[in-house]
Amino acid sequence: MAYLPLLFLTLALLPDSPQGCAQWSPAIGNLEQFLAEHLHEQYPDPSVFVTLRLVNYSLQQKYVTSLKKNVLHNAATLSSGEFSFYVLALIASCENTLNVKVNESGTTPGIDLGKLLSEKVGQEMKSIAIHGHPITTYYQIGLAMLALCKQNYYISKGDIKTFAHAVIHSRISPGQEFSVDTAAIAALAFRCMQQQLYQPADTIRIASIKLILQIFCAKDAQGIIGNIYSTGLAMQALIANGQLVPFQVWNCSNTLREVLLEIGAGSFTSPTLASQVLPPTQGKTYLDVDQLPCSWAVDAKTVQILEAGNSGEITVNYTVIIGLSCTTSCSHSLCLMVPGGTRLLQLMKLAEEKDPTFFT
């Protein structure tokens, strides 16, 4: 750690540069499919759901209904981290998390998930004040802070200072060993706070710099950060905090190459770990949950394979059905000849090129 001051000067003096951390491969498509197969219809894992939304995987509205039912039914027993992922999943679904209803047509008032999560954070902070440690972990507090921030929900200066103080004094990792996962989630939370202009700004910035330096120093010569399973969250943190990590300091391509090799080798057999590593391979982070298109829940995109062609090509009937207020010309179809294994996102782009009038 002797080179931390030099690295700090590097971060302060080098100009910003975009990371460009995104690459698709057949292994990525297989990992997407793996996660989709593990998304239970009645009890969908919110962390898996968030990731599939971030990579534009086609999902159905029924999963959102299940997420709302489950979070409302289990609100009292969910930990702060578990609750936070439900909030992020609903944000990624363009739902109003401050007024959640299962039955939208009913007259019963909705539930404010921001308030419930804020109360859970309050309990965590009370435990820190009394016992010197949270009820759960600082990892879960980081998730909760991130979820509150993504709702632009009030977080007191005192709570932010308590969290930042733990970061600055290296108290967020369990035991004495540095936790890349915890630092990465905390870095995402503080970056969100910077973007949303939470206060105290100086404290938030100091904590952010400390976290990014620690994460960067956990990187080995091959680009792995901590270990292969913590690298996904670390990549998210470094991508999101690109203003602190210029291209000259961290070139994402080395890390991305190692991650893609491990994905191809089948290293990610846990849905939880797979869900953490997939977003950064497409240049996405948990900060992007509120930047997703909201039309996904009302427009149905269907793909039908009609026949196999030569040289591994297939003919695809790509149809977009427009919902809600549409009264005329509510569906548009296009036949495309594409290589086998073509992703839905690639089909959407190709359809737009062929007929921008209807498929833009």
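A Cβ is built for glycine as well, from the same backbone N, Cα and C atoms used for every other residue.
Whatever TrEMBL says is automated annotation, not expert-curated.
Of the residues proposed, Asp45, Asp181, the one TrEMBL records at the same cyanocob(III)alamin site as Thr136, Thr137, Tyr138, Tyr139, Gln140, Asn227, Gln276 is Asp181. Between Cys192 and the candidates Cys149, Cys252, TrEMBL records a disulfide bond only with Cys149. Within the same chain, residues at least 6 positions away in sequence whose Cβ sits under 8 Å from that of Tyr138 (cyanocob(III)alamin binding site) are Phe163, Ala166, Arg171, Ile172, Ser173, Thr182, Ala186.
Residue environment of Gln276 (cyanocob(III)alamin binding site) contains 25 other Cβ atoms, counted within 10 Å of its Cβ in all protein chains. A simple way to gauge crowding: the CB of Asn227 (cyanocob(III)alamin binding site) has 12 other CB atoms within 10 angstroms, across all the protein chains here. Residue environment of Tyr139 (cyanocob(III)alamin binding site) contains 22 other Cβ atoms, counted within 10 Å of its Cβ in all protein chains. Between the CA atoms of Thr136 (cyanocob(III)alamin binding site) and Cys149 (disulfide bond) there is a gap of 19 Å.
Here Cys192 (disulfide bond) is positioned 25 angstrom away from Asn227 (cyanocob(III)alamin binding site), judged by their C-alpha atoms. Residue density at Thr137 (cyanocob(III)alamin binding site): 21 other Cβ atoms are found within 10 A of its Cβ, drawing on all protein chains shown.
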